[in-house]
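TrEMBL lists D:H73 with the feature active site, proton donor. Residues annotated as Fe cation 1 binding site in TrEMBL: D:D13, D:E44, D:N45, D:H184. Annotated Fe cation 2 binding site per TrEMBL: D:E44, D:N72, D:H157, D:H182, in sequence order.
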There are 4 protein chains.
Amino acid sequence: MSAKIANILFIGDVVGNSGLQMVSRMLKGFISKYEVDFVICNGENAHNGKGMSLEALNLMLEAGVDVVTGGNHTWNNFNFFETLKTHDRVLRPQNYPKGTYGKGHGVYKLPRGLGNITVLNLQGRTFMYPIDCPFRTADWVIKQTKEQSSLVVVDFHAEATAEKLALAWYLDGRVSAVIGTHTHVQTADERIFPKGTAYLSDVGMTGPYQSVIGMQVKSAVDRMLYQTPHKYECATDDVHFAAVLLKLDVETSKSVGIERIFYPEFETTVPQG
Amino acid sequence: MSAKIANILFIGDVVGNSGLQMVSRMLKGFISKYEVDFVICNGENAHNGKGMSLEALNLMLEAGVDVVTGGNHTWNNFNFFETLKTHDRVLRPQNYPKGTYGKGHGVYKLPRGLGNITVLNLQGRTFMYPIDCPFRTADWVIKQTKEQSSLVVVDFHAEATAEKLALAWYLDGRVSAVIGTHTHVQTADERIFPKGTAYLSDVGMTGPYQSVIGMQVKSAVDRMLYQTPHKYECATDDVHFAAVLLKLDVETSKSVGIERIFYPEFETTVPQG
Amino acid sequence: MSAKIANILFIGDVVGNSGLQMVSRMLKGFISKYEVDFVICNGENAHNGKGMSLEALNLMLEAGVDVVTGGNHTWNNFNFFETLKTHDRVLRPQNYPKGTYGKGHGVYKLPRGLGNITVLNLQGRTFMYPIDCPFRTADWVIKQTKEQSSLVVVDFHAEATAEKLALAWYLDGRVSAVIGTHTHVQTADERIFPKGTAYLSDVGMTGPYQSVIGMQVKSAVDRMLYQTPHKYECATDDVHFAAVLLKLDVETSKSVGIERIFYPEFETTVPQG
Amino acid sequence: MSAKIANILFIGDVVGNSGLQMVSRMLKGFISKYEVDFVICNGENAHNGKGMSLEALNLMLEAGVDVVTGGNHTWNNFNFFETLKTHDRVLRPQNYPKGTYGKGHGVYKLPRGLGNITVLNLQGRTFMYPIDCPFRTADWVIKQTKEQSSLVVVDFHAEATAEKLALAWYLDGRVSAVIGTHTHVQTADERIFPKGTAYLSDVGMTGPYQSVIGMQVKSAVDRMLYQTPHKYECATDDVHFAAVLLKLDVETSKSVGIERIFYPEFETTVPQG
Ligand SMILES: [Fe+2]
Ligand SMILES: [Fe+2]
Ligand SMILES: [Fe+2]
Ligand SMILES: [Fe+2]
Ligand SMILES: [Fe+2]
Ligand SMILES: [Fe+2]
Ligand SMILES: [Fe+2]
Ligand SMILES: [Fe+2]
């Protein structure tokens, strides 16, 4: 591998203990296999499916994660706010309004003399909360961090495909990658935009797939059928690891490769007797 | 290929003239390559990106499509309502309320003595319109059509991954496939559920990818930046074909294979000089 | 007062203990002052601002209420579901889907030989949950109950003024009154529609007005400022009683009078020194 | 009337030609009757129910209006944007993002040596578009305009009662009045907050009441029944004038009186034969 290429592994929303265990068990192997230099991991659902905890954060860091990003569920566990305020390896979306706990981007050192990388966590607004504009927030962070690092990877935690694609076009050539999270379903649209920004609409969930995006099937179906509250219960079975590997050219700050990872693969054929 | 396996090709949201041309140019080749028995195609964006027209319908049928399904945009072109009422090869979501034009499912004859197939078009409600319950509507249609055909393919036109997965679990073993449309982004989660229902969260768009889900980039970005109306203009460049191939066992009515198609593939690596 | 006129008092969303106390203290006086024959009271927020309880229900019934209606918050307190299933004096919106606990309408006996009255609880869908159609549900209940009673009072628990007015026009002449709840703000648009249906967009809240619709000001403002969760705390101060008095002509089933009640009145002038 | 009290008339959303005619016919009389010093009028629906036009603006100004405010519909008529950019008597919500046409507040001269008044137009975000924060935008404008005028009247164009009340508590004592628009239904909760800010959740519509918030009844009901597009048609019959009169103490910048106006009043009793 070229000395000028940074290999970044980006892991999608880790859900609950089964997701955390999957990360603990598998990550070192992936790091070794893909010669990974830096690991970003969305952890907004690590604490029993809803929010974050110091314990979950430590588990991920020990497993080999370098920085944990967040999303709308970051705020579910009030006990995590102290950590969120002070820990430099955990982010929440930058475009939450001023006065919110925590920080939304960080500049981190890469190994092998590859320089620094900026990780920027943003959140969408379509079908979500009316927080600050993610487009303008990105402009501001790019300007702020430019001198420390021109490699920028964005975790865009958003629901609507239109908003994700609009941000990717808006940032094409100005950040190294725009990677979507939040829907818990991996998309198949990985590509490199014309000016060098790698893009994937959603990395998907690292967690239990005998579920509705991580939630026990019965409660999730009942919520739809009756439109009344049904207790959230985190699912546990059929755990998969969802991630994307980015290859960033440190000289140009552009992406030169993007590859989806989903392990183990789903069954797509049924053996016939 | 076994005489007992029906090969169904399901094409995702065709957007505008460039999408229609792609279907006209490519479909015959895919039919031949995959020995396709029946073609379902979501056409809600065929008429300039918004709605349907008789002309677009005829183009798709001539290209080899057997039945055209719809979605929320079906209602954008008032001129299409007459056709929607009477034509037996075009559907709109079944769970629009009583009194709405058109029909939401049809039973069609397969070639090669494979019997009949029911195509059922449903629409989600999360982040969309409060129409009738798609879960209960599916129950009703399955019961209605059971004697004519036990093969059922569902086009579930929906936004939220949770709603799509909940419906798949709800219908697992009772329909042959639940295939999502509407987000215009192909997902990578094709699988066969435990009781034999094939599933894909979204087939993705057949249309111009130098766009925000089919719309010109500038207007789409401006809508996000300013939150004011900006004229919808259909994009035209970088057209791709998005579909999924289903293999249905005619004896058991279950799926035995599911394979995504996206043509041409996106660039995921950049050659380095 | 004519023997043919039924005086119905309809009390708006009772919030928490302070709201319950207001009902206990004031209702008997209002019943006597206005010669009230029947009292309907929306109780979806009676249990600490969120949901219902058997205790709250009993307090309202003892205070003189005849039937307690509900809304989206009815489902917040799981402990109430047993009562909801069996008690004949408590309703939840009728248009929740089949399989939901409780019932959405009841036919009750009026005093003074005035016959029966149907109370129908419905919920809107604009900006709310996608439950069954309130318009068609109203049609069905009117038909069902016609022989037992032609007096029908609707509690339409809804957010959007457009949906409330649309239902009123749709039901004009077929029910005696359409009375809105849910926004916790009394509207000033009481009127009798051309065919005899009395209408008020919202009765308003019976509860603490030093609040944001019943919630402590600080948490409510913080939710808006930061778009993160802030614990719901029920307010307690500046309690007012919000209701509307309906005069129904028992022979024609139409309304002949509608009068808002808000006690004590707000200060609208400031004395100048 | 005291020389120190400024009488401000605030007219609610004027809908279409029938609303404009009502303003033309009635406003001079109200100005004279209430000794009005300054007239604010929400005009977002003046142009056939959707948006604004130069013609509508001129009609309102000629009728006696001093400044026309806007809302979400301001952007419906593309032809108005030139006027919006340059005319100093028309506003659109201040908290639309940077780069949007027009301005969101103005400082205007009052007659009788009463000094200046700041009119600030804001828009809510709950159930509306994710524009900038109205709370923080208000802070900024208050600071900006403080030296020119300490009288501030806010037109808060918003859907949710919670958001309206939260802003009123947030601004209590810092602006003279927070007056809601947008729902087209006048509320009955006019009051003066503890620190002197006058408040009304909504002024209501100046326009045709044989309608669903200004729209022809049939199309509006059909939209709800079928959840498909039905052409917007502006209603024309049963026109009422909705406004609120504010009495501002020029020395303290606080409100000393608030009075609703609705003309002609609705029928609330039916004569019995
Ligand atoms: Fe997540
Ligand atoms: Fe999320
Ligand atoms: Fe589509
Ligand atoms: Fe769609
Ligand atoms: Fe309520
Ligand atoms: Fe409610
Ligand atoms: Fe309006
Ligand atoms: Fe509006």
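For all residues, glycine too, the Cβ spot is worked out from N, Cα and C.
Contacts of D:H157 (Fe cation 2 binding site) defined by a Cβ separation under 8 A and a same-chain sequence distance of 6+ are given as D:N42, D:E44, D:T69, D:G70, D:G71, D:N72, D:P93, D:N121, D:L122, D:Q123, D:G124, D:G180, D:T181, D:H182, in order along the sequence. Here the binding-site residues are D:D13, D:E44, D:N45, D:H182, D:H184, and the ones sitting under 8 angstroms from chain C, going by CB atoms, are D:H184. Reduced to three states, the DSSP call for D:H157 (Fe cation 2 binding site) is strand. Cβ proximity to the Fe cation 2 site centre (mean Cβ of D:E44, D:N72, D:H157, D:H182, cutoff 8 Å) flags the following additional same-chain residues: D:D13, D:N42, D:G70, D:G71, D:H73, D:T74, D:P93, D:Q123, D:A158, D:T181. Within the same chain, residues at least six positions away from D:N45 (Fe cation 1 binding site) with a Cβ under 8 Å of its Cβ are D:D13, D:V14, D:V15, D:G16, D:G19, D:G51, D:H73, D:M205, D:G207, D:G214.
The Cβ centroid of D:D13, D:E44, D:N45, D:H184 marks the Fe cation 1 site; residues of that chain outside this set whose Cβ lies within 8 Å of it are D:G12, D:V14, D:V15, D:N42, D:G43, D:G49, D:G71, D:H73, D:T181, D:H182, D:M205, D:G207, D:I213, D:G214, given in sequence order. The recorded positions examined here are D:H73, D:H182, D:H184; by Cβ neighbour count within 10 Å, the least packed of them is D:H73.
Classification of the residue listed as 'active site, proton donor' by DSSP places it within a helix.
Fewest other C-beta atoms within 10 Å: among the binding-site residues D:D13, D:E44, D:N72, that description fits D:N72.
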